[in-house]
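Feature list (source: TrEMBL):
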- A:74-265: domain 'ABC transmembrane type-1' (DOMAIN)
- A:15-39: transmembrane segment (TRANSMEM)
- A:78-99: transmembrane segment (TRANSMEM)
- A:111-133: transmembrane segment (TRANSMEM)
- A:145-165: transmembrane segment (TRANSMEM)
- A:186-208: transmembrane segment (TRANSMEM)
- A:245-265: transmembrane segment (TRANSMEM)
Amino acid sequence: MARRSKNGYEWGSPFIYLVAAILISACLTPVIFIIVGAFRTNSELTTDPAGWPSQWQFSNYTNVLSTSLFWQQAGNSLIVALWTTLGVVLIGLMAAYVVARYQFRGRGALYALYASGLMFPLTVAITPLYLLIRSLKLVDTLPGVIIPQIAFGLPMTIIILVPFLRAIPKEIEEAAAIDGCSRLDFFWRIALRLSVPGLVTTGILAFVGSWNGYMLPLFVLNNPSLYTLPLGTQAFSSEHSVDTAAVLAFTSLSMLPALAFFSLFERRIVGGLTGAVKG
Amino acid sequence: MSWRERGEIALMSAPALILFLGFVIFPVITAAYYGFFKWKGYGPPIDFVWFENYRIILTDPAFLDTLRHNAFILVFSLVMQGPLAILVALLLNKKMRGRSIVRVLIFVPYVISEVIVGIGWSLMLQSGGALDETLRNMGLDWLIRDWLADPSIAIWTLMIIITWKYLGFAVIIMLAGLQGIPEELAEAAAVDGASYWQTQWRITLPLLGPTIRIWAFLSIIGSLQLFDLVYIIWGQYISSTAGTSTMATYMALTGRLSGNYGYGNAVAVVIFFISLTVALIYQRFVLRRDTEGALTGGN
């Protein structure tokens, strides 16, 4: 019996590596197809679409990198994603702090209101939202994308942050109060620091969500020089539909920043969600 | 409660409340209002048509098709992704060399934008594309299909792409849930002679229940709102002939893109009510026991 239980945990080690290998190749094949495909010539891509480059062409990449439109659109994406992240995290933290640490009538209702936001996804609101943005004269401006993105990012942020803030022991707050620390001081000096894992998680989710956002920019932005990268990639791909290699190069380059950002912070995402999902 | 505290509550809640009410709640309410008009989006809506838009929507075969597609996507998202994600998460929760690299790599599809996923997959799947070529090289010519345009295949193609894209998110959530389960429980079961799979089935899975139910909730809502992937891969018009159109692509096509804002808003309201009904039923019967407070209100 004892041996069997020990084997229970060692079981199938090679099998696990095999499954992991299959999984990884399933996940990466399309990505590799995009990146490697861009090193090929168009004629190669037509005659032998699944092959490896016979000669590595860097020109597809350098051509995209030398266009100002790509850099402009990458810059737009960065501006939109950074402001969205900052807004979502800061405003969400303040709102979550009130729900988590103040006792007042209507607190439950307030939380329910934010949580109900999960049921009002962008898809449903997009048409009236566009009309609202139009009447605020924000069509074809980056704030026209940023502000709604912050608003729609709030519910998830608040839901993730509340358990973090609630988990801070009352004693710390009392001790701080005795030392002459007001509620707001406590917020800035202690709560902010203790909820860093949650802030990082929500920040990453907001950043990646905004970086990849498609529907809202599609409705709000018409001017190609204001496009974010997803729109730019889409426009490039329909304009250059014959030039597959160039499309692949543009596509590869637009996915690199999100990939780099994510691999840096992957561990934090799992860590930060743990508190929220348990709740 | 002191006035000072009241002031703090108001001050800290104000930005979130203003943004949330203004840009999330208000548009949904105005959608309900505009939905009663035959309105092209310019000038004030004056052509009040009662429930005419809704009558047209609910009797339009094209909309009923999208409803069927959304239902299909919803069911198969749960069935295809859920068990797979749990298995992968269990696998990645075990001690193995290179575990963190594997974790990062399987999240790659989730991080890539829908536009990139759409462009990459449609290039691979187009007739004579990389997939067909690979099948031909392997001598599997008979398997070759019109992956994107054949109405009996296309929705399955979409399901594969959805699974590929969103599995990583499901795995992240499951992994987070697994970390909350004390290891001692599995160890105790092992001491009592339970096999690995017995332990997973009897102990880990039930304890993972709340996580699974929250993931399923997000997946259901996501399935009902699906827009980007279909719109990017199948475009504005082809999705209906390929059998992949969704309620949201129907809304975009009949609403803003045709300039019929009144109608588009009515479609939004229909999507909202369907989502809300499904979400409330789900909460009432499934989520209630673990998220007291998180989604149902109160604490």
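Any Cβ shown, glycine's included, is placed from N, Cα and C.
All TrEMBL annotations are machine predictions without curation.
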How about long-range neighbours of the transmembrane segment (A:15-39): same chain, 6 or more residues beyond its ends, C-beta under 8 Å? 45, 50, 52-53, 56-58, 60-61, 244-246, 248-249, 251-252, 255
Maximum Cβ pairs under 8 Å to the transmembrane segment (A:78-99) among A:111-133, A:145-165, A:186-208, A:245-265 is reached by A:145-165
In the same chain, residues at least 6 away from the ends of the transmembrane segment (A:186-208) whose Cβ sits under 8 Å of its Cβ atoms read 81-82, 84-85, 88-89, 92-93, 97, 101, 149, 153, 156-157, 160-161, 163-165, 168, 172-173, 176-177, 258, 261-262, 265, 268-269, 271-273, 275-276
